[in-house]
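**Q** The annotation domain 'Major facilitator superfamily (MFS) profile' is assigned in TrEMBL to 1-295. The transmembrane segment annotation in TrEMBL covers 12-32, 44-63, 75-100, 121-144, 150-171, 183-201, 207-226, 246-265, 271-290.
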């Protein structure tokens, strides 16, 4: 519909439609994958599942940036439509697991109260802070690179991000399953923090590309671990609720982060929003450490999932 959109009202309608459908699809496919993955390999499985999403979120903007250089916006919209149509075809052959019932045999409840789980909220809050920090990268990297006259480096930033994300997610999930999530989370938070600071103080192409690799290691590797912990903190019949919380936290962090940082840019500039994001990552790490200390050793497989 984008090529035939000629007014702000129709554009807003399309964006609302996309928001609704994207929110539903991400939650449903995340829930299906979590139920298909063996509980004992949940961290590894979700890391590989998230790898596909992460690569799509990088490859898509990378293609878009290159097509934008040639003002090929209509072609970009048709390309996205073709990819979406392919996704619909592939969804028809996906194996969908049955609905998991409560211990007493009843089906999960519906309603607003059923959309939240107290055990998963702390990890969802940490996810929100992490995504809030990344929103500055997602929303303003192109503008920041244009200000520094580093547009070519911005494309390589995304490429480097994707490479390191792909490499790290192939083994971080396995580490999470075998040794525990903290052995992945804290090193990744450190890499993410350093990457944001490096991006904020970048003075050339090489430094910008290096920051892309660090952010790929940090943010790219830690998000599937948080998803794994959110899912593992609830009962099996609440996996859908947990996934909904996770993706809502990510979407809210991305939207609110872009909005607030957009207002901050006018007064502090692009550099400082990345430094502010790094500070927020440190606070998120502190919140995560407190939560892990309260819970002690948190198993990634609940007793009800053991056979």
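Any Cβ shown, glycine's included, is placed from N, Cα and C.
Note that TrEMBL annotation is computational and uncurated.
Predicted, not measured: the structure shown is a model, and the values here were computed from it.
Each of the listed features needs to be described in terms of its position in the shown structure.
**A** If you take every residue in the domain 'Major facilitator superfamily (MFS) profile' (1-295) and average the pLDDT, you get 85.
Listed as Cβ neighbours of the transmembrane segment (12-32) (distance under 8 Å, sequence separation of 6 or more from its ends, same chain) are residues 1-2, 5, 49, 53, 94, 96-97, 227, 239-240, 243-244, 246-248, 251.
With a cut-off of 8 Å between Cβ atoms, the residues of this chain six or more beyond the transmembrane segment (44-63) that come close are 26, 30, 33-34, 36-38, 76, 79-80, 155, 158-159, 161-162, 165-166, 169-170, 172-174, 176-177, 220-221, 223-225, 227-228, 231.
Away from its own ends, the transmembrane segment (75-100) comes close to residues 2-3, 32, 35-36, 60, 63-64, 67-68, 107-108, 236-237, 239 of its chain (Cβ-Cβ under 8 Å, at least six residues beyond either end).
Sequence-distant contacts of the transmembrane segment (121-144) (same chain, six or more residues past either end, CB-CB distance under 8 Å): 65, 151, 154, 157-158, 192, 196, 199, 215, 219, 222-223, 226-227, 229-230, 233, 245-246, 248-258, 260-262, 265, 270, 273-274, 276-278, 280-281, 283-284, 287-288, 291.
A Cβ distance under 8 Å defines the sequence-distant neighbours of the transmembrane segment (150-171), meaning residues of its chain 6+ beyond its ends; these are 47-48, 50-51, 54-55, 58-59, 61-62, 65-66, 141-142, 144, 202, 204-205, 208-217, 220-221, 224.
Sequence-distant contacts of the transmembrane segment (183-201), counting only residues of its own chain at least 6 positions beyond either end whose CB sits under 8 Å from a CB of the stretch, comprise 130, 133, 136-137, 172, 175-176, 207-208, 210-215, 217-219, 221-222, 225-226, 270-275, 277-278, 281-282, 284-285, 288-289.
Long-range contacts of the transmembrane segment (207-226) within the same chain: residues 43, 46-47, 49-51, 54, 123, 126-127, 130-131, 133-134, 137, 145, 148, 150, 153-154, 156-165, 168-169, 172-173, 176, 181, 184-185, 188-196, 198-199, 201, 246, 250, 281, each at least 6 residues beyond the stretch ends and with a Cβ under 8 Å from a Cβ of the stretch.
Same-chain residues lying 6+ beyond the ends of the transmembrane segment (246-265) with a Cβ under 8 Å from its Cβ atoms: 23, 26-27, 30, 120, 123-125, 127-136, 138-140, 223, 226-227, 230-231, 272-273, 276-277.
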